[in-house]
2 protein chains.
Amino acid sequence: MPELTVDLGDRSYPIFIGSGTLSDASKLTPYIRAKQVAIVTNETIAPLYLNKLKSLLNDFDVIDIVLPDGEAFKNLQTLETVFDGLLQARHNRTTTLIALGGGVVGDMAGFAAACYQRGVEFIQVPTTVLSQVDSSVGGKTGVNHPLGKNMIGAFHQPNAVMIDTDVLGTLPDRELSAGIAEVIKYGLICDPEFYGWLQDNIAKLMARDTDSLVYAIHRSCADKAKVVAEDEKEAGIRAILNLGHTFGHAIETHVGYGEWLHGEAVAAGMVMAAKLSCRLGAISEDQVEQLQQLLKQANLPVLPPEGMTPENFLEIMAVDKKVLDSRLRLVLLEQVGKAVVTSEFDRGELDSTLLEMCSC
Amino acid sequence: MPELTVDLGDRSYPIFIGSGTLSDASKLTPYIRAKQVAIVTNETIAPLYLNKLKSLLNDFDVIDIVLPDGEAFKNLQTLETVFDGLLQARHNRTTTLIALGGGVVGDMAGFAAACYQRGVEFIQVPTTVLSQVDSSVGGKTGVNHPLGKNMIGAFHQPNAVMIDTDVLGTLPDRELSAGIAEVIKYGLICDPEFYGWLQDNIAKLMARDTDSLVYAIHRSCADKAKVVAEDEKEAGIRAILNLGHTFGHAIETHVGYGEWLHGEAVAAGMVMAAKLSCRLGAISEDQVEQLQQLLKQANLPVLPPEGMTPENFLEIMAVDKKVLDSRLRLVLLEQVGKAVVTSEFDRGELDSTLLEMCSC
């Protein structure tokens, strides 16, 4: 499987994808600038892969910073412990951070790299499907605020992304499903052929067939890299990557960070976006039904959490990052395989969609 | 007095300097992007100038976020209160932050702007000499960590800098002196003619003669703008702006943030850098003596705090942001009016300088 490149001029970087990537020091070390390396990981991943990664780094001065596991810890307080570790070890501007873990670790290590001494370099080593296909690529970093997800952060591109599909062997089923939600998203927003492939191969993916996983991860990263290269800082087209995320973030914020996995919230959110797109006449009820079936085959939720009301959604969605001059913007489907970002939708249909979904 | 421009391509911005700048809405409002404005200020400045600033912003939706006053509060905890205020008021990506205050407010509001929703715009309205001539210009933002000053931050350029010299009427004498330390710095590092002017006019500056203050602030900003335009992210020449700061930050960290004003620590630090430069044969003892006299006329300290040891300095300086691959780099004088950044100095002379200064 050839490597991919995220094409951003002098900030371009490679994505290595395959079985055994993490056994190959020659892929990793060219992207480390100087002697100091700080591996940021969490309590779950450290016992599994920290020593393996360290064994590739014998020629470097390596420290590790082990964070508690979970979205509930993706905040400024935990971030400060990363700075504590870097300063206690006297890491300077030439240090390279390596994020070893899922999306939470990647987002926090990346944001720490963006801010430490006003910016140091970092490498993503994502260990979940979700982080491999989504959060490790594209340079979005940050932490949550009690009033909104990912509200504090920076655009900070990594030097490289190293995806070893072997690590997925230890991924819990629930996390696999959550990652597949983002994979399905790429088909929906910009890759109808891939969406068809997913409908045919979802069972293989859920059975962790290696070839199918490598293909799906590679194709997802390729789709994402293309969008990011067009619009690094989300001035326009990049926002389509957030299909289902406005609804999904509202769910995550409402239930408390970590209660629902990000991918689970996105799955339910994509159904809501599809339902609204259907009400607006862009896609058919059959297509919404097909999406729900696909998500169910991936063991993903297709409804918001019990008890969550339309008011809950609207209140949290009002601070969404896509809101401009108080107008809510949403990612909707123009057709299956093509998404648009728009504030030009019938607000009544949004209300009806929320009412329908919240009373199921 | 004509306005200055910080020339950074599509991120260029103006610096307005003069008496009455803050009475002129037509200067400020063109730099505000949309309806939402958040003024970040502190408890000391709010009663003095918040309403005046707000009166220029009748056409906007304005909130204010009032922080406690002082370097001791320049940390991630206080920063979080800025995010709290922005999210509670549902400010979105088009909001404009206005920093109304000294260097601490400017650094924190600027860093909040860099991070809020991964980056919003901001305007600097500095109210101290120090922030007018230094921290408001050039886009360095950030907060302190217990183990090092300004260790967490971002480069984030403002849309504009509005300097009203009238606000200096309420500036305490000690703060005036602290600001003059940075003014003297510009003469020392890159502007020998200005250094001569300062020696002739220091009494007028300390007596708050308006024309002299406007001239000194304008010339300092012009010197800084030139250096920043050459090297925005401090890959090289920009580091000369830190003359005295490596020693100075060590003092601030050692005594506890806020005990010494930043400018006071920089004054003592500049003497230390000059002494070391003299030991290395670059400048004469007379020139060191002249610098000390000038600083004394500005009521600034010329020695480190009592009881601080060479070991205290070396320990804190080891995590200075200019350290590269464990080698300490310092800003030294090649001559009066010309600074260089170098790690090529006799380490023994540094030790002797520290020993001499710490035992005075």
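Cβ atoms are placed via backbone N, Cα and C, with glycine included.
Listed by TrEMBL as binding Zn(2+) are B:His245, B:His262; the candidate from B:Glu182, B:Glu193, B:Glu311, B:Glu315 that the record includes in that site is B:Glu182.
The separation of B:His262 (Zn(2+) binding site) from B:Val105 (NAD(+) binding site), Cα to Cα, is 13 Å. For the pair B:Asp107 (NAD(+) binding site) and B:His245 (Zn(2+) binding site), the C-alpha distance works out to 16 angstrom. A helical conformation is recorded for B:Val105 (NAD(+) binding site) in the three-state DSSP classification. The Cβ of B:Asp69 (NAD(+) binding site) has 18 other Cβ atoms within 10 Å, all protein chains considered. For B:Gly103 (NAD(+) binding site), the nearest of the binding-site residues B:Glu182, B:His245, B:His262 in terms of C-alpha separation is B:His262.
Considering only the binding-site residues B:Glu182, B:His245, B:His262, the residue whose Cα is spatially closest to the Cα of B:Phe73 (NAD(+) binding site) is B:His262. The record gives B:Glu182, B:His245, B:His262 for Zn(2+). Within 8 Å of the mean position of their Cβ atoms, the other Cβ atoms in that chain belong to B:Leu130, B:Asp134, B:Ala181, B:Lys185, B:Gly244, B:Gly248, B:Gly263, B:Ala265, B:Val266, B:Gly269.
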